[in-house]
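This report refers to the structure that appears directly beneath it.
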Ligand code: FNR
């Protein structure tokens, strides 16, 4: 049997295979963060395509923490019902469901003030953020906690904290963006403090599977490297995080040499260096490539992004390629 189609136990939940849909913003929400019929269809389609775990796009825990005003929101109870419809649509086809809880920090492009560890703009196209006070930090931690409570009410099986790509948490982790001189800046431990407190706050209300997405490399001289993330990942493990979703980049502008599987070494280094399950993501497009990563024990799950936008039924083709039997969704059985 292939490893890609082997079930995977993620804390309390069992995934039917190792294929996950990476979180991808669809910029299709109503202005107030509400789900639309598009989201229900979009995510249910990937579930029908037999993706084992689907992670909903970056969803704002605060309105000022959205990448755009078309991001999904989870900052108010009014969002729960729509998210529940998306969850039900995915569950109807046997997928396990997760949501990425996010705060965009200095990369928010919404109206009004935006916030970051330090008052440095990402580039000329972005607003200069306000340096966060300790009260602002408290508010963000509480917002992640409340978002976790709402996500549970909406029925999600797992949560992912967005700690990658130069959004708020990632900005705190990196010395390239965090110039603070208080308890939240300077040493590795201080830069990790916000993520530590967010994880603890979420864990105080959520005992299900918890993932954290990180950018394990800034590709910048004054930025973080894989070694920092091996340390951070050990800390995350000790706080009860179940899996690190390993991405890279996005913190500062950088030239990144992108090629098939380019982030796999990061997932592999963290998996073995910190002794915690990881997922690999980034230009993984073929079943053989996915199988190689899993069989060589380089990561535990395969996250697919763009290839699942182009081909929602990717897992069905992958099964054929690897000689696996996959039970199709019931309505398709007669035509199988
Ligand atoms: C993304 N990505 C992304 N990442 C994330 O953590 N949260 C998000 O909401 C988004 N949004 C998003 C939208 C779109 C349209 C794309 C293409 C990408 C990054 C994504 O999850 C993934 O890491 C990358 O796309 C690399 O994987 P692929 O596409 O090469 O398989």
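Counting begins at 1 with the first residue displayed.
Placement of Cβ uses the backbone N, Cα and C atoms for every residue, glycine included.
Unlike curated records, TrEMBL annotations are generated automatically.
Residue 27 (substrate binding site) counts 12 other C-beta atoms within 10 Å of its own C-beta, drawing on all protein chains shown. Taken residue by residue with DSSP, residue 27 (substrate binding site) is part of neither helix nor strand, so it is coil. The substrate binding site annotation in TrEMBL covers 27, 162, 163, 164, 165.
Residues or ranges marked as FMN binding site in TrEMBL: 58, 100, 213, 305, 306. Cβ neighbours within 10 Å of residue 58 (FMN binding site), excluding its own Cβ and spanning all shown chains: 26.
The domain 'NADH:flavin oxidoreductase/NADH oxidase N-terminal' annotation in TrEMBL covers 3-322.
Ligand 1 lies under 6 Å from the Cβ of 305, 306, out of the binding-site residues 163, 305, 306. Considering only the residues assigned to FMN binding, 58, 100, 213, 305, 306, the longest pairwise Cα distance works out to 17 Å.
Here residue 306 (FMN binding site) is positioned 18 angstrom away from residue 162 (substrate binding site), judged by their C-alpha atoms. Neighbour counts of Cβ atoms within 10 Å were compared across the binding-site residues 162, 165, 213, 306; the minimum falls on 306. With a cut-off of 8 Å between CB atoms and residues at least 6 apart in sequence, the same chain places 21, 22, 24, 281, 282 near residue 305 (FMN binding site), listed in sequence order.
Between the CA atoms of residue 306 (FMN binding site) and residue 163 (substrate binding site) there is a gap of 20 Å, rounded to the nearest whole number. With respect to their backbone Cα atoms, residue 100 (FMN binding site) and residue 165 (substrate binding site) stand 13 Å from each other.
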